[in-house]
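These features come from TrEMBL:
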type	residues	note
ACT_SITE	B:155	active site, proton acceptor
BINDING	B:31, B:106, B:137, B:138, B:162	S-methyl-5'-thioadenosine binding site
BINDING	B:62, B:86, B:155, B:156, B:157, B:158	spermidine binding site
DOMAIN	B:2-235	domain 'PABS'
């Protein structure tokens, strides 16, 4: 008997992946969590029936959340990751020697626990002494930490369930206030094929708060449409003004110094969404 | 009752799309052809069970086959499209006023006939007086037309069925000989997530024939992995030396003058495939 995981990415379209083994299924306090071992993408974490990460393609998302902002800020010493309990973004942040401390705040401790157990290649750096892991509401955390962080990364689920408040203007204002004077934030902002309205709304809101707003993209095969957008809001520094020749070649598989600016060049229909 | 089209893009992974209506299913002389009306992507052409094009996302592929090469060649008067019977690439080629004549050679006349009937928004320019449509083997055509074309575009299926010969070194040599002295060719070369070996092989072969070889990418949601590669071989002109400020803003939805060079900046794991 063959078992397949099928995710409806929209009402009318989805992906399907052959399963070797289901490792975890649990209704946590906040969401339905599953870890499935798939033939094509290896172990896969899903929340509320949506792929969060897979061992085969996780590097794209995690590198592209972390490095564009960290190589735009001249001295990113204090970093906050909101969400991201699987630890993938933290792993990338730890590749930056300038980072003195990274704080991870995920609302769902079960994501952290199961990721450490079943996705050690992703979650391994959560035990790095430069990392502090907090199980709490990210929205509350930023409102309790004014003028604290150099870079804030929002690694949320889609705006359903516990992540709804992470797509509000109040949250972006809170992030602005939690950032120091040269601060930068970045958020995953879904895909332009099925969620054009979301991207438009987020951009409008972020532009009302941050003087510099830029959008970039990456290809993630297991995410809806395969094309993912990220929105960066910055108080001062512009990622497009970075001298790429000064970016070191990290141990990455997607991001590179050459890609730093190119990732911000959007297909025309995406440009039109964020004008 | 709900009907869904499911394509196994690999043995272990696929996409699935809700169907409104099946318009055509036919075993032609060369392949299994179907045109399906889907809820999410509109009408969809499949050959041998693989999505060739859909009304919703076809613009990406067709623009990205046509424009990078046409804006690299200084005077692309004579253009050949091998395959591409749906007419999408021809539609984009017709946006270039310098093109005096475009020849389409598809081995399967049924693709042309059904595309004109059911996909008029894609196939409409096949009746343009600057276009000559030939039903024939593209491999034979190029070998019978030495020193004839300024730009040759290979819009083939994946290397199964009738397209196998379009991924051979002999074919690339034939293309070289069919091009004039400043000639450029471009081919779709599948995706780097599931077909890394193919991309490596094509690049090795093309590099042995053409002095300038460049690779670029685009996001196509209904193609495997959502990330598609294109390989360009050029006798003289380098797409990365083009002055982007001189590229006019065409009526496109994906390609833009700004994207012309950025599309050639590859994710690191793709760079590594074509080194």
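Glycine is no exception: its Cβ is also placed from the backbone N, Cα and C atoms.
Annotated features, which come from TrEMBL, shown on the structure.
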residue : record                                 : Cβ within 10 Å
B:62    : spermidine binding site                : 26
B:86    : spermidine binding site                : 28
B:106   : S-methyl-5'-thioadenosine binding site : 26
B:137   : S-methyl-5'-thioadenosine binding site : 18
B:138   : S-methyl-5'-thioadenosine binding site : 28
B:155   : active site, proton acceptor           : 28
B:156   : spermidine binding site                : 24
B:157   : spermidine binding site                : 20
B:158   : spermidine binding site                : 21
B:162   : S-methyl-5'-thioadenosine binding site : 22
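The two recorded residues, residue B:156 (spermidine binding site) and residue B:106 (S-methyl-5'-thioadenosine binding site), have Cα atoms 9 Å apart. The closest partner of residue B:62 (spermidine binding site) among the recorded positions, by CA position, is B:155; the full candidate set was B:31, B:106, B:138, B:155. Its Cβ taken as reference, residue B:31 (S-methyl-5'-thioadenosine binding site) is surrounded by 21 other Cβ atoms within 10 Å in the chains shown. Looking only at the domain 'PABS' (B:2-235), the predicted model's pLDDT averages out at 96. Under DSSP, residue B:31 (S-methyl-5'-thioadenosine binding site) is assigned to coil, being neither helix nor strand in the three-state scheme. Other than the site residues B:31, B:106, B:137, B:138, B:162, same-chain residues with C-beta atoms no more than 8 angstroms from the centre of those residues' C-beta atoms, the S-methyl-5'-thioadenosine site, are B:30, B:83, B:107, B:108, B:156, B:163. Binding residues for spermidine (B:62, B:86, B:155, B:156, B:157, B:158) extend across at most 16 Å, taking the greatest CA-CA distance. Among the binding-site residues listed here, namely B:31, B:106, B:138, B:31 has its C-alpha nearest to that of residue B:158 (spermidine binding site). In this structure, the CA atom of residue B:31 (S-methyl-5'-thioadenosine binding site) is 11 Å away from the CA atom of residue B:157 (spermidine binding site).
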